[in-house]
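Just below is one structure, and these are the notes that go with it.
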């Protein structure tokens, strides 16, 4: 069967990835209500297309932090990608580079900061940061990212602890023994179950559960790179972050893997755009599976939209080429959506193009 959608890649990947890794990648927190909301939140939005707008070619390019990207779609940080494919993060980053889109490397990657940088020397890359109990180690990660040419630091703020991930508990998740957390040596490089979920045990031991806004100030104070905070879901936190001087906000519920019953990212987006959209760049991830999803997020105020799982599905199915095709599928779907909705450029996609389904119930 030809693979023509993200859903096709997801189904094929589920047949390929070993159960321990697959459940880690695909599961959400608790009863997975928020995981479902990440999908249904998009389904409840309607596109209001405009006709006879003219133009046979669309311009999908966008500029963020002074850098030009081929389209407003990027790859979110996801951990331990060599569980999906032997080349892991390197193949994923190369795919992003080939399509001139942003790639974000996870702190807990199975390819190192330097390895990914050497594989994609001129490509725009961001580094996702967890703050460890050892602040010297944490600062060292940022310095390595700076030295290696990464263009921004994406600080995850919604994970002082990892959420209730029952699939990992049942599987007693461990990182396969031939893999390591490539950015670390010693104890911080290994994830082995001590009786429960190995990843939750690792996070509880290594990360700082007392994470606060003071840590955001600390990071902004010493890095020369733009700081983006990832995991914001309320206007209150968005305002605090903007007041501290962050340059970007990632509206994200961590793939619905942290606290269940939080809103879908797309549901939280409008209030954050309204609160600080004129002051900082707004990004979104969570639930993106097709070009219409990207269009809806852009219409509601996101500057760029990111996805994590679809890249893993492409990676598992066909390595770098699989991720490239997933990006091509989403680009083509977004281009077609723009053409049929009457938008020639990304800037044309405004809030008038999307309404909640309840809009039509009132008519």
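Backbone N, Cα and C define each Cβ position, glycine as well.
All TrEMBL annotations are machine predictions without curation.
Keep in mind the model is a prediction, meaning the values are calculated, not measured.
Features as listed in TrEMBL:
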ACT_SITE  254  active site, proton acceptor
BINDING   24, 165, 254, 257  glyoxylate binding site
BINDING   77, 78, 79, 106, 128, 130, 156, 230, 252, 308, 309  FMN binding site
DOMAIN    1-359  domain 'FMN hydroxy acid dehydrogenase'
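What TrEMBL annotates, mapped onto the structure for a quick look.
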residue: 24; record: glyoxylate binding site; contacts (Cβ under 8 Å, 6+ apart): 80, 83, 165, 167, 168, 171, 173, 199
residue: 77; record: FMN binding site; contacts (Cβ under 8 Å, 6+ apart): 104, 105, 106, 107, 128, 154, 156, 308
residue: 79; record: FMN binding site; contacts (Cβ under 8 Å, 6+ apart): 106, 108, 109, 199
residue: 252; record: FMN binding site; contacts (Cβ under 8 Å, 6+ apart): 76, 158, 230, 231, 232, 233, 265, 284, 285, 286
residue: 254; record: active site, proton acceptor; contacts (Cβ under 8 Å, 6+ apart): 156, 158, 159, 163, 231
residue: 257; record: glyoxylate binding site; contacts (Cβ under 8 Å, 6+ apart): 27, 28, 29, 35, 162, 163, 165
residue: 309; record: FMN binding site; contacts (Cβ under 8 Å, 6+ apart): 10, 25, 26, 78, 255
C-beta crowding around residue 156 (FMN binding site), within 10 angstroms: 23
Extra residues within 8 Å (Cβ to Cβ centroid of 24, 165, 254, 257), glyoxylate: 27, 28, 29, 162, 163, 168, 255, 256, 258
Cβ neighbour count (within 10 Å, all chains shown) around residue 165 (glyoxylate binding site): 22
Residue 128 (FMN binding site), number of other Cβ atoms within 10 Å: 25
